[in-house]
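According to Swiss-Prot, the protein has these features:
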- THR13, ARG83, GLU84, TYR135, ASP244: sn-glycerol 3-phosphate binding site (BINDING)
- THR13, THR14, SER15, THR266, GLY309, GLN313, GLY410: ATP binding site (BINDING)
- THR13, ARG17, THR266, GLY309, GLY410, ASN414: ADP binding site (BINDING)
- ARG83, GLU84, TYR135, ASP244, GLN245: glycerol binding site (BINDING)
Amino acid sequence: MAKKYVVALDQGTTSSRAIIFDHDANIVSVSQREFPQIYPQAGWVEHDPMEIWASQSSTLIELLARSGIHGSEVAAIGITNQRETTVIWDKLTGKPVYNAIVWQCRRSSHICDELKAQGLEDYVRETTGLLLDPYFSGTKIKWILDNVAGVRERAEKGELLFGTIDTWLVWKLTEGKVHVTDPTNASRTLLFNIHTQQWDSKLLEALNIPESLLPEVKPSCAVYGKTRIAGEGGEISIAGIAGDQQSALFGQLCIDEGMAKNTYGTGCFLLMNTGKQAVKSTHGLLTTVAIGADCEVNYALEGAVFMGGATIQWLRDELGLIRDAQDTEYFASKVEDTNGVYLVPAFVGLGAPYWDPNARGALVGLTRGSNRNHIIRAALEAIAYQSRDLLDAMAKDSGVMLKQLKVDGGAVSNDFLMQFQADITNVEVQRPAITETTAMGAAFLAGLAVGFWSSTSELKHKADIERTFIPSISAEKCDELYCGWNRAVTQTIKS
């Protein structure tokens with residue numbers, strides 16, 4: 001049967017999804033399942049790895065059944081995933097030794113402090129491009145080894161395997177035959193030298209992590225193994241892997257130096273491709289791995305905002321100001337401005353460029369005249385302000401002043417937010433016709449690996465822009481608003 005489709009598995013923080021793309025990069029069908037979040041104590045976030053696998057595998061089976069597409073028509077499966085989230089399992093039984101520790105989890109802060117005390121901060125920065133922060137996988141691995149009974153001994157005997165979620169899914173899909181990751185995911189572990197593209201022995205020693213735990217690192221665009229849907233039928237190639245943000249960067253075809261995208265999800269993640277040069281940030285950004293025009297390793301600057309769409313969830317779930325996230329555009333548009341109100345959503349600290357884990361959220365500028373509409377508008381504007389923080393830092397680090405910003409993620413359907421983003425950055429904001437760019441990136445990688453598409457040049461004709469938002473306020477007004485935001489952030493950090 002002719003190979004007509006590519007499937008992307010998009011394993012996220014709150015749900016697992018499977019999406020079928022045809023040769024024109026149109027979405028044919030989507031399947032999605034949510035899974036529970038586990039919060040054992042304040043600042044701790046976990047997932048059950050078996051629930052991740054169950055949700056992801058069931059979406060794949062359901063996707064093909066619902067669409068009527070036979071597995072033999074699928075050219076390849078690509079995988080994109082929440083990054084940094086850490087799983088350790090028994091390599092014989094496949095049973096996890098502990099729940100997956102999620103990227104948001106802060107439990108390993110003390111390990112980061114210990115590494116700083118050992119004088120490793122600069123070495124980590126130079127080698128991995130990252131900061132010493134519990135966000136990344138390395139300290140999560142060490143926490144499991146040190147705190148779960150018997151795990152360190154088993155790891156040192158070579159009985160256990162570590163993986164980020166991509167590695168876990170490939171291992172399960174191949175029935176334990178393949179233990180692999182790609183450079184984009186490896187670069188988020190705190191253990192990977194982004195210059196040599198190798199695991200770093202000094203960092204492994206510092207964290208006391210056996211190298212036998214670690215997966216083999218293969219290119220993002222490659223055939224890793226084969227899988228059978230529900231263990232039946234012919235085999236399908238697993239042929240592309242990228243961490244979610246690098247996958248979105250590739251899906252937006254930001255494959256040349258100076259191109260950037262911002263993903264509006266639970267958090268916001270802004271990445272700029274810096275080509276063959278690993279730019280060292282002096283403004284609070286991360287240096288990470290990206291994917292180039294020929295699927296080769298490129299580098300990128302990355303800024304992460306912890307509270308993007310999660311801020312809107314807070315308005316809905318904790319304050320009860322809205323019933324649905326889509327309501328925010330209506331309420332925000334009912335007022336001309338926020339009447340001086342700023343919301344700094346530092347509920348779990350502040351990410352780039354501040355990196356202050358002790359900052360806490362604040363609602364600044366409230367008066368007797370402040371109402372629900374002002375607060376809702378301030379919440380949306382906060383997402384755009386934080387993205388402006390990242391863009392300014394990138395301009396200082398790279399010397400590149402962006403003229404266009406590509407956007408994706410759930411919140412880009414909010415026209416108010418997109419227009420305000422253009423206004424506050426003085427940059428054109430381009431919204432794609434297909435906003436599933438994270439999944440599209442994985443599909444592109446898989447399709448290129450097996451020859452379903454010939455090159456990224458062919459793909460450029462498949463990424464249409466649905467709307468461009470043009471800056472519409474004066475430079476003076478923009479500066480006035482942004483100065484107010486900076487004052488609010490300063491108060492938050494001081495408090």
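In case you wondered, yes, glycine gets a Cβ from its N, Cα and C as well.
Known features from Swiss-Prot, placed on the structure.
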{"residue": "THR13", "record": "sn-glycerol 3-phosphate binding site", "DSSP class": "coil"}
{"residue": "GLU84", "record": "sn-glycerol 3-phosphate binding site", "DSSP class": "coil"}
{"residue": "TYR135", "record": "sn-glycerol 3-phosphate binding site", "DSSP class": "coil"}
{"residue": "GLN245", "record": "glycerol binding site", "DSSP class": "helix"}
{"residue": "THR266", "record": "ATP binding site", "DSSP class": "coil"}
{"residue": "GLN313", "record": "ATP binding site", "DSSP class": "helix"}
{"residue": "GLY410", "record": "ATP binding site", "DSSP class": "helix"}
**OP:** By CA-CA distance, flag whichever of ARG83, ASP244, GLY309 among the binding-site residues is nearest to ARG17 (ADP binding site).
**Re:** ASP244
**OP:** Could you tell me which of these binding-site residues, GLY309, GLY410, has the greatest number of Cβ atoms within 10 Å of its own Cβ?
**Re:** GLY309
**OP:** Using only the Cα atoms of THR13, ARG83, GLU84, TYR135, ASP244, which the record gives as binding sn-glycerol 3-phosphate, return the largest interatomic distance in Å, rounded to a whole number.
**Re:** 15
**OP:** Other Cβ atoms within 10 Å is the metric here; tell me which of the binding-site residues THR13, SER15, GLN245, THR266, ASN414 scores highest.
**Re:** GLN245
**OP:** Going by Cα-Cα distance, pick out whichever of the binding-site residues SER15, GLN245, THR266, GLY410 is nearest to ARG83 (sn-glycerol 3-phosphate binding site).
**Re:** GLN245
**OP:** Report the largest Cα to Cα distance, in Å and rounded to a whole number, among the residues ARG83, GLU84, TYR135, ASP244, GLN245 that the record lists as binding glycerol.
**Re:** 15
Subject >> Under 8 Å by Cβ from GLN313 (ATP binding site), same chain, sequence gap 6 or more >> reply: ALA325
Original post:
Out of GLN245, THR266, GLY309, GLY410, the binding-site residues in the record, which is closest to THR13 (sn-glycerol 3-phosphate binding site) when you go by Cα distance?
Top reply: THR266
Subject >> 8 Å Cβ shell about THR13, ARG83, GLU84, TYR135, ASP244 centroid, sn-glycerol 3-phosphate site members excluded >> reply: GLN82, THR85, VAL102, TRP103, ARG188, GLY243, GLN245
Subject >> Cβ neighbours within the same chain of GLU84 (sn-glycerol 3-phosphate binding site) - under 8 Å, at least six residues apart >> reply: TRP103, TYR135, PHE136, SER137, LYS140, THR164, ARG188, THR189
Original post:
Which whole-number value in Å describes the distance between the Cα atoms of GLN245 (glycerol binding site) and SER15 (ATP binding site)?
Top reply: 16
**OP:** Enumerate same-chain residues with a sequence separation of six or more from ASP244 (sn-glycerol 3-phosphate binding site) and a Cβ-Cβ distance below 8 A; give 'none' if the list is empty.
**Re:** ASP10, GLY12, THR80, ASN81, GLN82, ARG83, THR263, PHE269, THR438
Original post:
Going by C-alpha positions, which of the binding-site residues (THR14, SER15, THR266, GLY309) is nearest ASN414 (ADP binding site)?
Top reply: GLY309
**OP:** Please determine which of the binding-site residues listed here (ARG17, ARG83) has the lowest count of neighbouring CB atoms within 10 Å.
**Re:** ARG17
Subject >> Least Cβ-crowded entry, counting other Cβ within 10 Å, from the binding-site residues listed as THR14, TYR135 >> reply: THR14
